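Undergrad: This is the feature table in TrEMBL:
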- 571-635: domain 'CBS' (DOMAIN)
- 667-728: domain 'CBS' (DOMAIN)
- 66-86: transmembrane segment (TRANSMEM)
- 143-165: transmembrane segment (TRANSMEM)
- 199-218: transmembrane segment (TRANSMEM)
- 224-240: transmembrane segment (TRANSMEM)
- 252-276: transmembrane segment (TRANSMEM)
- 326-345: transmembrane segment (TRANSMEM)
- 365-382: transmembrane segment (TRANSMEM)
- 437-458: transmembrane segment (TRANSMEM)
- 504-525: transmembrane segment (TRANSMEM)
Amino acid sequence: NGGGMNGTSTMMDFLEEPLPGVGTYEDFNTIDWVREKSRDRDRHREITNRSKESTWALLHSVSDAFSGWLLMLLIGLLAGSLAGLIDISAHWMTDLKEGVCLAGFWFNHEHCCWKSNTTFTDRDKCPEWKSWSQLILGHGEGAFAYILNYFMYVIWALMFSLLAVLLVKGFAPYACGSGIPEIKTILSGFIIRGYLGKWTLVIKTITLVLAVSSGLSLGKEGPLVHVACCCGNILCHLFTKYRKNEAKRREVLSAAAGGGGARGFWGALGGVLFSLEEVSYYFPLKTLWRSFFAALVAAFTLRSINPFGNSRLVLFYVEFHMPWHLLELVPFILLGIFGGLWGAFFIRSNIAWCRRRKTTQLGKYPVLEVFVVTAITAILAFPNEYTRMSTSELISELFNDCGILDSSQLCEYVNDFNSTKGDDLPDRAAGPGVYTAMWQLALALIMKVFITIFTFGMKVPSGLFIPSMAVGAIAGRQVGTAVTRSQSDLRRAVLAGGVTRMTVSLVVIMFELTGGLEYIVPLMAAAMTSKWVADAIGREGIYDAHIRLNGYPFLEAKEEFSHKTRAMDVMRPRKNDPPLTVITQDSMTVEDVETIVTKTTYSGYPVVVSRASQRLVGFVLRRDLIISIENARKKQDGIVSTSVICFTDYCPPLPPSSPSVLKLRSILDLSPFTVTDETPMEIVVDIFRKLGLRQCLVTHNGKLLGIITKKDVLKHIAQMANQDPNSILFN
């Protein structure tokens, strides 16, 4: 009895109050969705119960419920402000490559001519805007002036791109690329510390402006999703329920992903659908409405900051003169086939190039790569007016609805006064300008198709939607001109469906960009055809392909697992492997546990009654064990290497001379997910997908046999698909 009383008196539940760090996760680990959702339910239940006790507690309950909407408002305001700043800066710096405004160097070409008080015939040649040859030589005509403008264009492009890659390399390596593959992985539960941090946000914003302004074949829509998610992650720290719960934070990030770059109602809706269809892993109904709210706030904030960026609430407005006819679906479908073929070609070529970059010496010289690609792009782009202009301006030019007074080469039709066909331009004969424009567009198409392969994936911020849209717009304009129909009928068809495999969200985004509600059915036909053709060649979209290339532990919810394997075929330990590392519930000392933690790298350990019985008690995380033992040694008297660790409510009696017992039941997961050894892997994979599990324990008649981790599942899926299972790089 004395021994029992002494044992009880020296026991202490060290974790009666939560310790800092317990319940958190290390870098490059997966969160426990089940535990995070359970903790949030407990928190919400406690707040609800307390709200009945006092007025202050009731107000706290109301503020807690409203905090999600307030957070969405702040995210929308910040993301929209940054998007507006990026738009304005990129437009000005793009025009800076060709000249400067004498009325104020801070004006871009368009705004400079708007402010002109003199009359001029060509909309692009106002007296206040001077090219570099006019500024330096005093005139803009002649071979030397052309060479000087050419030289300045290339120099500015190189300066912008080099500054971008040096900033990324020196301050925020995570600021490169589009960010969408990594965001998809993060939203699935993976931890990448710093990817959505403050430095990444600052450097991504600055370098995105520089990369777009350099004239590289890239866009800013994908990186704007990354920027919006950075805003969401940073602002989450203002609210306790999002700061301390990784699952709740991912709800916010899913909502924020839908608000990046939205410009109006349809843009907000398209962004939400994009987040739902392409990015998000967990998207409950309340997140849908909050995402739409954040996207609307971001859109109207962007319009408030940059009201003159476009004259309408759409980027590339198209005016429709006539309704489409059923027969016209044929060229739309043909464009969809072309888009699917190009999408599949682009994905395979880009992944092959990126893999070569990772596995050869080329990947060690990102600055040199950016320099070479920028130099080639600028040298090839300047002679052709359709590649010299920015990609957004090119698309706007292609979407331009030809009028009688339009001076564009694309609208140079012969004015036959004896014709009885009226003023409808497509009924007139094409002039020499149209044929010149078609050749230039053909060269621009070839350049865009190939140069984008080498651009996407470099160590600068780079989006893919606008370059894909440019390729599709060029092809659509050429087809539209070839069939001598209205110039606005066909040129909106885009190739993004073949690259990203988006469908509904792509059509809604296209409606936002063009205002073309009447042509939603033909656009949907083109997008679906593009997706079907690309899927027939390869199932992976560009973002999924980059996830697999980088070895991120992303379990795709859209793919089906149809192989007839069982849990025992995948679990560890396998045959001839060492036995499973376990911790007993009340018979191991601090030194024993520390030895296990030191000699292994596992993220957690099963807790059993005894090594002989192997009866499962629960599961404890490695990080929680380390933090708890370290803090107990510092703050709890009597905890030494020989102290027994107890994971139960009642520990066995110890001799009076025994050191204090360290009771760690609070960090033990008493309900780990288990399956039997005969469970089909088809069911196991489905469980991992839908519950977001980190690991699952395998039992036989209640006896612990092994463990299956998310990494084991991913490796097994890769092996069944005849892929390298060791390509899964992270724990």
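Note: Cβ is positioned from N, Cα and C throughout, glycine not excepted.
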Undergrad: So which residues does the transmembrane segment (365-382) touch in its own chain, when a touch means Cβ under 8 Å and the partner is 6 or more beyond its ends?
TA: 149-150, 153-154, 157-158, 161-162, 164-166, 169, 214-217, 357, 388, 447, 451, 454-455, 458-460
Undergrad: Among 66-86, 199-218, 224-240, 326-345, point out the range having the most Cβ pairs under 8 angstroms from the transmembrane segment (437-458).
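TA: Looking at each of 66-86, 199-218, 224-240, 326-345 in turn, the most contacts to the transmembrane segment (437-458) are made by 199-218.
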Undergrad: Calculate the per-residue pLDDT averaged over the domain 'CBS' (571-635) and state the result as an integer.
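TA: The answer is 92, the mean pLDDT of the model over that range.
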Undergrad: What is the three-state DSSP composition of the domain 'CBS' (571-635), stated as helix, strand and coil residue counts?
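TA: DSSP composition of the domain 'CBS' (571-635): 24 helix, 17 strand, 24 coil.
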Undergrad: Please list the DSSP helix, strand and coil residue counts for the domain 'CBS' (667-728).
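TA: Reading the DSSP string over the domain 'CBS' (667-728) gives 26 helix, 18 strand, 18 coil.
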Undergrad: State the residues, same chain only, that lie 6 or more residues beyond the ends of the transmembrane segment (224-240) and have a CB under 8 A from a CB inside it; answer 'none' if no residue qualifies.
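TA: Residues packing against the transmembrane segment (224-240) from afar: 67, 71, 74-75, 78-79, 82-83, 86, 178-180, 182-183, 186, 196-198, 200-201, 204-205, 208, 249, 252-253, 255-257, 259-261, 279, 298, 461, 463.
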Undergrad: Taking a Cβ cut-off under 8 Å, which residues six or more beyond the ends of the transmembrane segment (199-218) line up next to it in the same chain?
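TA: Hits for the transmembrane segment (199-218): 82, 85-86, 89-90, 93-94, 96-97, 153, 156-158, 160-161, 163-165, 167-168, 171-172, 174-175, 179, 224, 226-227, 230-231, 234, 373-374, 377-378, 381, 388, 390-391, 448, 451-452, 455-456, 460-464, 466-467.
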